[in-house]
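Student: Could you have a look at this structure, given as structure tokens, before my questions?
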């Protein structure tokens, strides 16, 4: 009987302690969290972290539908070919060092939706310019009229280098050290290097609008008989393996602006020699626009401007005049600004590839860069030889001797580009040839 008393008191004590703990938990749970944080899973904060990580990027091409099936070439690193209002966030020392940003959801650091801006004076007073109507289209919020399309000597500074060195490939200056960049771009020191149409005033054009034909190499051009129409434009843009001889009736004969990277140029020279491609187009009116994927583009440009051999790298000791002709001059050379390449990737061709491990090799195709550069500099743009929804009907290139299906590479999103061309055409910003 004596044992029952202590046992009963023990049970009552346990019950009282349990009731007290229950009251503490109900009345002040935060105090309990402080003392037992290491033992309690904070499901609400974990969910917040997950939400932040999953926050969608400020995808300005979210309205562009990407096909669910996107086959890529087995070698993802192989290059082609074988193939909002802007806010001033700096206190610049000159008009050409303004930096403009797009307000909105937080971007991953590698996107870099921040760009240089500079004042530019229109070359024409074209009343029917695409630039006067872009704000009335769905592209109005994406379009930055003051972004520099081309880079030249005055764009180089330690501050700009620090800003752009974080972006790889054609999207920044990570591909080249500061001293080499300074030496190379110092060669582009004339007004001709910063203007896409440096000879416009000397052409004596009566038209008030700059009309441009942008010619891709797609098989849709074979048998098109669009050559004369193409050549009738003020300026004619071409890229990479632009085989002309023997195809003049379909693709024209003039080239005023030739876009390339040294890598795509060398690939073109190797791959298309058998169909007559020996070198880029040569003429008095031809300008050469480098797409700087690598330091080899800067080195080749510098050598061409100075009429010397390439000093180092993959093209060591090559003579640029063998490629661009003996009459090449610094005034005929231009180079795309990395801000412009990153801008068109971010705002016009925002591929889902940027969310994958292949994000560092992804960029707009050379043809896309060429067409979007024309969109930002010409008054009226006609596009020929670009991929259309019925691309399976045509060979990869207009100069193919037999049918070759279009090949897709992991470093480009050709289907997304195709959708963009359709949308620009429907918006009345370009006139796209569709073989109908």
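Each residue's number is its place along the chain shown, starting with 1.
Even glycines carry a Cβ here, placed using N, Cα and C.
Caution: TrEMBL annotation is automatic and unverified by curators.
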Student: Between 6-31, 32-57, 58-83, which stretch does TrEMBL give the note region 'Disordered'?
Tutor: 58-83
Student: So how many other Cβ atoms are close to residue 212 (disulfide bond), meaning within 10 Å of its Cβ?
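Tutor: Counting Cβ neighbours of residue 212 (disulfide bond) within 10 Å gives 26.
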Student: Let me check the 10 A CB neighbour count of residue 378 (disulfide bond). How many other CB atoms are there?
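Tutor: Around residue 378 (disulfide bond), other Cβ atoms within 10 Å: 28.
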